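K.L.:
Pulled the feature table from TrEMBL, pasting it below:
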- A:77, A:79, A:81: Mg(2+) binding site (BINDING)
- A:78, A:95, A:102: Zn(2+) binding site (BINDING)
- A:30-104: domain 'Phosphoribosyl-AMP cyclohydrolase' (DOMAIN)
């Protein structure tokens, strides 16, 4: 039952970029990466498991913060090289900065302007 | 006025992944890549310009199909390594398969099931 994993065109590093979109709001929450094991676990457990490139290990989203992502749907694009998840975001916070989502900066007049509030301080999320 | 481009953490290949989201529907249409020139042109022209990795050249989205993407907003994520565009999709077709968007396959019972219709045949979009 893992043939569906073989259809994905993994990068040379064995990864695929994953877009997490909030099911209710349609908001794009974040983009992260998965390897084969992470995607298999995501499908199996029903919660998003990513591959942390910086830490070089599996990363169960919310393992430290509690902000897990319940996965309602897993989609694949036409080139088989991008995955889209429809998720429910626990705590309403996807971003490690304590914001609802990671795309909180907008290009305005030639600079990036922060337009989304911090809902919870990272210190209180992760411990100071 | 190009300092905003320096804030992006480009890959070793000088690229950044870009999510195109339809402004009206919230639908994630596609994910593609831009280099510095493509992103600068996108901001300047107000229509999405990508870097085609397969063709090794700039790709003005819609140059062959007419299915251009008018860019309403350009956002950057917390790690400065993913860009999110809010766009209006000309013709209502973002995918080269003639579908509204590229994420037309859903994982069901261990296989990818196509759940979105072809709105226009690729032959009639690109010429047979």
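Even glycines carry a Cβ here, placed using N, Cα and C.
In TrEMBL, annotation is done automatically, which means it is predicted and not curated.
Note that the structure is predicted; figures quoted are calculated from it, not measured.
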K.L.:
Using Cα coordinates, what distance in whole Å links residue A:95 (Zn(2+) binding site) and residue A:81 (Mg(2+) binding site)?
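P.N.:
Checking the Cα atoms of residue A:95 (Zn(2+) binding site) and residue A:81 (Mg(2+) binding site) gives a distance of 24 Å.
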K.L.:
Give me the CA-CA distance between residue A:79 (Mg(2+) binding site) and residue A:102 (Zn(2+) binding site), in Å, as a whole number.
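P.N.:
If we compare the Cα positions of residue A:79 (Mg(2+) binding site) and residue A:102 (Zn(2+) binding site), the gap is 25 Å.
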K.L.:
Which three-state DSSP class does residue A:77 (Mg(2+) binding site) fall into?
P.N.:
coil
K.L.:
Using a Cβ-Cβ cut-off under 8 angstroms and a sequence gap of six or more, which residues of the chain neighbour residue A:77 (Mg(2+) binding site)?
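P.N.:
In sequence order, the residues whose Cβ lies under 8 Å from that of residue A:77 (Mg(2+) binding site) (at least 6 apart) are A:83, A:84.
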K.L.:
Let me make sure I understand the structure: which of the binding-site residues listed (A:78, A:95, A:102) has the fewest other Cβ atoms within 10 A of its Cβ?
P.N.:
A:78
K.L.:
Return only the integer: C-alpha distance in Å from residue A:102 (Zn(2+) binding site) to residue A:81 (Mg(2+) binding site).
P.N.:
22
K.L.:
Including all protein chains shown, what's the count of other C-beta atoms within 10 A of the C-beta of residue A:81 (Mg(2+) binding site)?
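P.N.:
Taking every protein chain into account, the count is 15.
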